[in-house]
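Taken from Swiss-Prot as is:
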{"type": "BINDING", "residues": "Asp42, Ala43, Ala44, Tyr45, Asp46, Ser92, Leu93, Glu126, Arg149, Glu185, Lys301, Lys325", "note": "NAD(+) binding site"}
{"type": "ACT_SITE", "residues": "Lys128", "note": "active site, N6-AMP-lysine intermediate"}
{"type": "BINDING", "residues": "Cys430, Cys433, Cys448, Cys454", "note": "Zn(2+) binding site"}
{"type": "DOMAIN", "residues": "640-719", "note": "domain 'BRCT'"}
Amino acid sequence: MSDISVEKLTELEAAAELERLARAIAHHDELYHAKDRPEISDAAYDALKRRNEAIEAHFPALVRDDSPSRRVGAAPALATFAPVVHARPMLSLDNAFSDEDVRDFVGSVYRFLGQLPDDSIAFTAEPKIDGLSMSIRYENGILVSGATRGDGTTGENVTANIRTIAEIPNRLPAGAPAVVEVRGEVYMAKSDFLTLNAQMEAEGKQTYVNPRNTAAGSLRQLDAKVTASRKLRFFAYAWGEMSDMPVDTQLGMVEVFRQWGFPVNPLMKRFNSVDGLLAHYRAIGMERPTLDYDIDGVVYKVDRLDLQTRLGFRSRSPRWAIAHKFPAEQALTILRGIDIQVGRTGALTPVARLEPITVGGVVVTNATLHNEDYIKGIGQKGEPIREGRDIRIGDSVIVQRAGDVIPQIVDVVLEEGKKRGEPYQFPHVCPACGSHAVREEGEAVRRCTGGLICPAQAVERIRHFVSRNAFDIEGLGEKQVEFFFNAEDPALCIRSPADIFTLKKRQENSLTKLQNIEGFGATSVKKLYDAIDARREIALHRFLFGLGIRHVGEVNAKRLARAYLSYAAFEKAALEAVPPKEGDRTDKGSEAWQDMLAVEGIGSIVAEAVVDFYGEPHNREVLAALLAEVTPLDEEARVATGSPVEGKTVVFTGSLERMSRDEAKAMAERHGAKTAGSVSKKTDLVVAGPGAGSKLAKATELGIEVINEDDWFKLVGED
């Protein structure tokens, strides 16, 4: 995740980051909701979503069709449980992280409803249970189904397992509405979790990580007897479809649940003021360590149901509710050292080496220090950071697991009488190649000027060059790139992109054969050569993206390719583009410069990056060698002709086993087809894998052709 403030992002940088965030959040949604194997903390996940929402708020025109703000959770991943389409979607809640966020939420409710006096709207406040969301359906008082949230629209049918939870009644009392969907959270008590782990340890089996994942895994057991043995519990707090509403308030409905025999949280209360909500939030936070269940915040809801109806919903969340999350966990440790890492674009990033400390159940040894200003304690505009306290080796520091995938240092604790180390001097020379490291005006990052001669950048740039959305060369993963880069034999080494395409020829004239080296073999080497040869012709936008020009991500590469249509035209423009002289308001720059700025979405920052790249003689040498081996296809000629799917709209659904979603999309586009995320009358073809649910059902209903993954490969001739 970028550390550039949203206000400083260009439109192009924002679009590229939204694309990265959409992929990252979808990945973590699948791990959390569908596989119960989260890789990052809740705080880190929340930070990704906050960043996405902040960028979308600042650039509303860039909101993507696959934006995380338009979806909930992840589609069910297991084909062992039948899909269940929720009568009413199970939406997630927006998050608040500060008192000010809560005041903004309450204010937005009053503004939306209008003309209501202060403190006239009541809100409920209840703990946010860290478990698995569940919808339980009753018809004529009888429990007929239980389903997980899934992606909010379609969940998994876990009825047999739900029936084993003692706290969930199989029948409702007489007088209950004919159709009732009770929603709440399935969880495992901390005490039961400890007992289960003690039992597993005594039996010599692997213990479980945490109650939430254990509860989710227990609920997805194919054998309901296993679920029954896990002592799962339930809190009711919401509802889906109801044939008749017994009461007219949120608190009243929860009381009805209690009367029907459902457990409800005893800490739920109603307040008429923001101060009351915040006081209860703090009270629950104080009580949190003593509770026998995990919570990660407090949920506030408008109490009157008629006001909830008026407020309605956004695309993925209600306007009448919000989750006030607890702050990330922190710990105190010692800063033992500061290392400088050099990234693909030459950015010098400081990383703290810490005395090992446990934060939120995870042992932390490294933390981000962001940039040199953050270490100094003074921002770009002279504003103080941490009240102006700098960070020095040997300091006691507060580490927080939040925001980034790796933790961060949020403060320094100065101990009276303790002598501090010397102020940290941020290097002005690249530690990887010795080139000068410069910091451009207005930027927080210092960068190496070494380009492809810098080993740190060269390896990363080659990895980027062969990555999926660039040249996509199968068989050249991270380890292989590092092997070839570090190879001393001239017949094996790959130090620049062109070296990839001369590898086979160099091998033919060498005594050192790649297939004789450990980790390679005749078959894998042939596949590698075939994969390389398959990319000797490449789509123009992939070629441009693969060059690793700063600020030219996937989005900008496609924009430039569509604008110039051929590589020759683009290169000519890049070489002829001359920006205006600094301080000369009458100078508009060369005609080629003005033409580049006229490309939709391309601003001066991107244009300058392109001009700087082509203005470097070493880069032009690298390009000349590459163009001797590779032909970038003209944009208008790059789509396959004569393909049976050319011009058609294709939807991929279910679990794909032979390719990822990105690969499927790329393959479809390569054959002239368009891909869509949902099925409609405009859809021509649906490719369905195991676990296909609502999209498959809709395709069948509309009479749209449906094929499996193997048939897709045969259809496009890539079997």
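Indices start at 1 and increase along the chain as displayed.
Cβ coordinates are placed from backbone N, Cα and C, and glycine is handled just like the others.
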Using a 10 Å cut-off on Cβ-Cβ distances across all protein chains shown, tell me which of the binding-site residues (Ala44, Cys433, Cys448, Cys454) has the largest neighbour count.
Cys448
Far apart in sequence but close in space: which same-chain residues, 6 or more away, have a Cβ under 8 Å from Leu93 (NAD(+) binding site)?
Val299, Ser317, Pro318, Ala321, Ile322, Ala323
Would you mind pulling the DSSP three-state label for Cys433 (Zn(2+) binding site)?
coil
For the domain 'BRCT' (640-719), give the DSSP counts of helix residues, strand residues and coil residues.
26 helix, 14 strand, 40 coil
Closest of Lys128, Cys430, Cys433, Cys448, Cys454 to Asp46 (NAD(+) binding site), Cα positions, recorded positions only:
Lys128
For Lys128 (active site, N6-AMP-lysine intermediate), which of the three DSSP-derived states applies: helix, strand, or coil?
strand
So among Lys128, Cys433, Cys448, all listed as recorded positions, which is physically nearest to Lys301 (NAD(+) binding site)? Use the C-alpha atoms.
Lys128
Would you kindly give the Cα-Cα distance separating Cys454 (Zn(2+) binding site) and Ala44 (NAD(+) binding site), rounded to the nearest Å?
32
Test of understanding: give the count of other CB atoms lying within 10 angstroms of the CB of Lys301 (NAD(+) binding site).
23
What whole-number Å value do you get for the CA-CA distance of Cys448 (Zn(2+) binding site) and Arg149 (NAD(+) binding site)?
48
Looking only at the domain 'BRCT' (640-719), what is the model's average confidence as pLDDT?
84
